[in-house]
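Participant: Take a look at this one; I'll ask things after.
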């Protein structure tokens, strides 16, 4: 009896295994997904369309990151000129991906535009009165589509002089601002300056001090010609001097400059 029971239990187990084995071949169109993982099969949780961590899942993001790391080239102001006539002139090129037409401003007989172009080679073409044309007087190149375009090469060396002038102007402006903002030298304190009465109402001198040094009043050196006077100061020029009246004669003098020479004229008038 005991052997019969054990054989029956064993037969039931074999029947269950056989049923599971037969259930695996239901049809070619049905596919069972295993929900319980096994350490022996690393692809248990991998669906047919899933990607492994090593696949190119984030390639576009990585490309954008690489592009952002690249240094951007400095834009340089470039003059574009069209001198072949026309009523309306536009320009377009590889610098704006040929997306828009930039108008040129008429200046006398030419059309001019100043564009900020990055360093390197750029192809461009003019749109004159509704037709695409190129300037025959400028360098040309044939594009991949077989069209003839103008070619311009923007180089950093062409703008070194302008960069130096700009840097010098910035340094001079900073220096001038620093000089204007700096305080004058001298001791500083908390006491306010009090004006005295004689300082407040003191009038300026009748004659500036530098005009008191009249060259006609100076003694001439013995070794010099009496007709030659010492070189006057520039503040003495174009002023009228008068000598004190003596023997009923009035004497007037004035000094003028002619290029590198000075001439002093004396006028005598009896009164």
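Just so you know, glycine gets a Cβ as well, placed from its N, Cα and C.
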Participant: Out of 38, 83, 92, 223, which residue gets the phosphoserine annotation in Swiss-Prot?
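Facilitator: Checked Swiss-Prot: the phosphoserine annotation sits on 38.
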Participant: Which one of 10, 173 shows up in Swiss-Prot with the note phosphoserine?
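Facilitator: Going through 10, 173 one by one, Swiss-Prot flags 173 as phosphoserine.
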Participant: For which of 39, 78, 142, 175 does Swiss-Prot record the feature phosphothreonine?
Facilitator: 39
Participant: Tell me which range among 1-47, 95-141 Swiss-Prot lists as region 'Disordered'.
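Facilitator: When 1-47, 95-141 are checked in Swiss-Prot, region 'Disordered' belongs to 1-47.
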Participant: Look through 68, 172, 176 and state which residue has the annotation phosphoserine in Swiss-Prot.
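Facilitator: Swiss-Prot records phosphoserine at 68.
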Participant: Given the candidates 183, 203, specify the residue that Swiss-Prot annotates with phosphoserine.
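Facilitator: Checking Swiss-Prot against 183, 203, the phosphoserine entry points to 183.
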Participant: Of the modified residues 94, 107, 147, which one sits closest to residue 157 (phosphoserine) when you measure Cα to Cα?
Facilitator: 94
Participant: Most Cβ neighbours within 10 Å: which of the modified residues 94, 107, 147, 157 is it?
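Facilitator: Compared across 94, 107, 147, 157, the most Cβ atoms within 10 Å surround 94.
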Participant: Would you mind reading off the Cα separation of residue 147 (phosphothreonine) from residue 94 (phosphoserine), to the nearest angstrom?
Facilitator: 13
Participant: Take the C-alpha atoms of residue 107 (phosphoserine) and residue 94 (phosphoserine) and report the distance between them in angstrom, rounded.
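Facilitator: Cα-Cα distance, residue 107 (phosphoserine) to residue 94 (phosphoserine): 25 Å.
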Participant: DSSP secondary structure for residue 94 (phosphoserine), reduced to helix/strand/coil, please.
Facilitator: helix
